[in-house]
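Listed in Swiss-Prot:
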type	residues	note
REGION	1-402	region 'Carboxyphosphate synthetic domain'
BINDING	ARG129, ARG169, GLY175, GLY176, GLU208, VAL210, GLU215, GLY241, ILE242, HIS243, GLN285, GLU299	ATP 1 binding site
DOMAIN	133-328	domain 'ATP-grasp 1'
BINDING	GLN285, GLU299	Mg(2+) 1 binding site
REGION	403-541	region 'Oligomerization domain'
REGION	542-944	region 'Carbamoyl phosphate synthetic domain'
DOMAIN	666-857	domain 'ATP-grasp 2'
BINDING	GLN816, GLU828	Mg(2+) 3 binding site
BINDING	GLN816, GLU828	Mn(2+) 3 binding site
BINDING	GLU828, ASN830	Mn(2+) 4 binding site
REGION	945-1099	region 'Allosteric domain'
DOMAIN	945-1099	domain 'MGS-like'
Amino acid sequence: MPRREDIKRILVIGSGPITIGQAAEFDYSGTQALKALKSAGYEVIIVNSNSATIMTDPEFSDAVYIEPLTVEFLEEIIKKERPDALLPTLGGQTALNLAVELAESGILDRYGVQLIGAKLESIKKAEDRELFKKTMEEAGLEVLRSRLVNNLTDALETAREFGYPVIIRPSFTLGGTGGGVAFNEEELREIVTKGLIESPVHTVLIEESVIGWKEYELEVVRDGAGNFIVVCSIENLDPMGIHTGDSITVAPSQTLTDVEYQRMRDAAYKVIDAIGIETGGSNIQFAVDPKTGRMVVIEMNPRVSRSSALASKATGYPIAKIAALLAVGFTLDEIPNYITGKTLAAFEPSIDYVVVKIPRFQLEKFPGADPRLNTQMKSVGEVMAIGRTFKEALGKALRSLELDAAPKLDLDHIREHLANPTPERISYIFAAFRNGMDVEEVHELTKIDRWFLREMKACIDLEEELKEKKFDVEVLRKAKQWGYSDREIAEIWQVSEKDVRKMREKNRIFPVYKMVDTCAAEFEAQTPYYYSTYNGVENEAIPTDKEKIMILGSGPNRIGQGIEFDYTNVHGVWAFQEEGYEAIMVNSNPETVSTDYDTSDRLYFEPLTVEDVLEIVRNEKPKGVVVAFGGQTPLRIARHLVEEGVNIIGTSFESIEIAEDREKFAKLLKRIGLRCPPFGTASSVEEALKVAEDLGYPVLVRPSYVLGGRAMAIVDTPEELERYVREAAIVSPGYPILIDKFLEDAIELDVDVVSDGKYVWIAGLMEQIEEAGVHSGDSACVLPPVSLSEKLVEEIEKTVHRLVKALKIVGIANIQMAVKDEEIYIIEANPRASRTVPFVSKAIGIPVAKIAAKIMVGRSLPELLSEYFPYPTRPGTKVDKLGDSEILPTPWPRMFSVKEVVIPFHKFPGTDVLLGPEMRSTGEVMGIGEDFAEAFAKAEIAAGNPLPTEGAILATIADKDKRDAIPLLAHLADMGFEIYATKGTAKALQSHGVDVKVVPKVGEGRPDVIDLLEQGKISLVVITQSSDEPSLVAVSHGKDPFKVEGRRTVGYMIRTTALKRKIPYLTTVEALRAAVAAIRKMKRGSIVKVRKLTDTWKM
């Protein structure tokens, strides 16, 4: 079946902001699909609210819309662009849910748009738990006993009938949100109540428990002619009961017999057939009872998913690209296998290596959250590693996680930790074996298959052998084949990593590189995609004689280092290719565009450690290595690379050192006459109190050695400082604590700047909406800035110029500053690309990272910018040609862009939602408008926090904020909002003549503030933190060894109730000010205006 000629224009919906359960894998899938559809001759329109994506770059489609992903905005885009078809299978759960809404509300029919890639009926059969169960039973497939309920009474009755434990799964939610496992009635009440709120249709499925069964997934593809292939089988090392996104997974599956696999394969075909998936990729999950072999179908996703991204990277088979072509009528035997170039996509991939994926967690960012893993996903990223054996792949994957220190284990409670898995579970399994437990005991507690446990125990036995035979060459060779790093061997031998490397080199123990080719080396691959192994002789990565640039990626997604850095990496790759170099990418993250087989010239899927990078350098001998695009990951290993003679291009390592070292940086600022907030260091509690007294409170404290992840805090009093130092940090001469004067009421600015060593260009000058003290990664920001005077902007440009020249920046840097009383303070400078680069590039219409990369290989800045000149500059400034001054003109777009963040608080009930100096957001959205108010309102809608235009507001304002907040609340009252307030706030409002209803605080009478929220009477909560509300850990609740730290102040209860009830909330005066402007704009008329991204640059 050739391509469909009845379709010309296709609308693709992206997945929106990165959240837990829906991450960078959808940018990877989307980008692949857009490329495929364009090359097949279709016009493509893409809509996504996330600017930090390659798929929203204008090169990949005919029209890009960065707009909120809601039905109202999508209808406007459909009305304007008139697509023939909508492809909803590339944007995760978000896009599927929207497709269902657009179809059911009649919008698709009204504009004559047809769904391709998945029919409405199929989406519903796969997503609606009750329908899915019925469909499976009709197809003769076994599913778990379950019942759909919409109230607590029915849930309790069902659980009694099935017997505890039971699994609770809310309908139509992402990453298991709101679900869980209930072992008793009390837990059931809690989970069901939450699940009914989280489910958009307010139903949950109560399901019999299969905890401890083995979990498998098949990634399958089917075309319109009925051809069906299994791309990859994936085995979860962790048994059922842990979300597959939080499980360690292995491909291909290791413990299935051939008979079981064939049975599963046949069942998968029946599933796809029964659901009615005619074309595209699907992911099907099975559970197998290890005792009886009983197999049940758990669920299926009728779209590309996290697992399909993993399967694509594991096999080299590009599922998303092929699914997109199948959706427009191609069949598998008409599509080439892009890796071999010789075979067809109808061939099932076969692989001669093992792939291990391990999730990356950051629970320390969410104190108060339960650390135990369950059916609700909690990890923020993942790594993948490839080896010839399971042991080798596991070893490589563990070091790819980039966990700086071994986790602190609670050795008195090993058995509890084995029975209740937490993110440290692998460390506990190793600890159990080191402490003499046997495979059988560990299996009983963990229910992990004995085969995996025997492999892990063998590694611990090898540790003993290493200790006994120190410096034995054969044992060293064996350890390398089993995936041990030089660093781990060095720790066992108590020598330096360098010593082990020297011994290895002397005995010629080197890895060889093997190719990922989809066909177990049966055909020759065209696309160079490699992994290292010590279990091989022949090196398949033969270097070319071209000049090469090697780019170090950013490793697993984590908070503070996410998809934005991958965006920069990819732009870097393209820039070096355009300049005639061979671009080599090194990364370990399977979710990303940078690890796509056709992004770079050569891809090494390897851990980002000194050892692994040096081995690739030894093989490829690049002209230079780029460390400025991957966030902190490459910077952390830069020193070791330089010591080994690796050439780092761009900003020199000396400059990186100065910027990263507080004392050196402060000296440099002093030398060039710039200010930074006064600071001091302390090595004891007494010194800390003295430094703070000299600086004057409030102060910002950060220890150089962190315990329990509470890295930074703003402290207002000596008592708080003393408590902080005793509880949250180790303070000793070896581990000093840094204390900065905290600038209250300052405006914080974020500057992305590019320089070629002579000219300096501020690409983006952003103003943070939250006050200084909220981490810039968690604050919304606006470009161009809204509250800076003409004089101040000129002053900022000169300051940046002076600092960039002094740091000798070549390429890109990010500078954070604060402005207080018209004085400029430098907070920090990062000699690398920052997380705002994609946002700035989309706001100004100039690819900032590409320009920075070309500068690193010798191009000049005015020459590169001339292609985009003239671009809009500040009103009143006139620039005829670039290069008259060393300070190149700062872009000043006529449209306003707001970046807003998305923080996964609802995944971690128990965590306080206050913003502070510790970053916790996982993703971002962008709102574009003709003024700040419109842009902010759209950004809030896109972030899932839409502001109300009517209803009641609950206000409880700290004394220090009343002066600024009361007039703003009065303004909302004038706009017709009803105001409820606690006693002190109400009094202040009444003195301003505002009509207000007084509500008792908790414990001061009923109905109190919490009752009001629970009754659903409030449409917006405004609550700022008061200084008498302790901002430190106080009470602890929960059973050993899973103590949960948390605070239970009234403010905390109000914030968490608002979060739980999905009521929008504002926690700072700045956010309130922005919200008032946005609400006023929304009340004046619709803000549902959509604009093509490229048009916003021409305004």
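Don't overthink the numbers, they just go from 1 along the chain as shown.
Including glycine, each Cβ sits where the backbone N, Cα and C put it.
Positions of Swiss-Prot features highlighted on the structure.
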{"residue": "ARG129", "record": "ATP 1 binding site", "Cβ contacts under 8 Å, 6 or more apart": "SER146, LEU148, ARG169, SER171, LEU205"}
{"residue": "GLU208", "record": "ATP 1 binding site", "Cβ contacts under 8 Å, 6 or more apart": "LEU144, ARG145, SER146, PHE162, GLY163, VAL166, ILE167"}
{"residue": "GLU215", "record": "ATP 1 binding site", "Cβ contacts under 8 Å, 6 or more apart": "GLU235, ASN236, ASP238, PRO239, MET240, THR244, SER247, GLN285, PHE286, ALA287, ILE298"}
{"residue": "ILE242", "record": "ATP 1 binding site", "Cβ contacts under 8 Å, 6 or more apart": "ASN236, LEU373, ASN374, THR375, PRO421"}
{"residue": "GLU299", "record": "Mg(2+) 1 binding site", "Cβ contacts under 8 Å, 6 or more apart": "ALA126, PHE132, ILE284, GLN285"}
{"residue": "GLN816", "record": "Mg(2+) 3 binding site", "Cβ contacts under 8 Å, 6 or more apart": "GLU748, LEU749, ASP750, VAL751, SER776, ILE826, ILE827, GLU828, ALA829"}
{"residue": "ASN830", "record": "Mn(2+) 4 binding site", "Cβ contacts under 8 Å, 6 or more apart": "ALA659, ALA813, ASN814, ILE815"}
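Across the region 'Oligomerization domain' (403-541), DSSP classifies residues as 73 helix, 10 strand, 56 coil. ILE242 (ATP 1 binding site) falls outside any helix or strand according to DSSP and counts as coil. Note on GLN285 (ATP 1 binding site): other Cβ atoms within 10 Å of its Cβ, all shown chains, come to 20. Following the DSSP three-state reduction, the secondary structure of ARG129 (ATP 1 binding site) is helix. GLU828 (Mg(2+) 3 binding site) counts 14 other C-beta atoms within 10 Å of its own C-beta, drawing on all protein chains shown.
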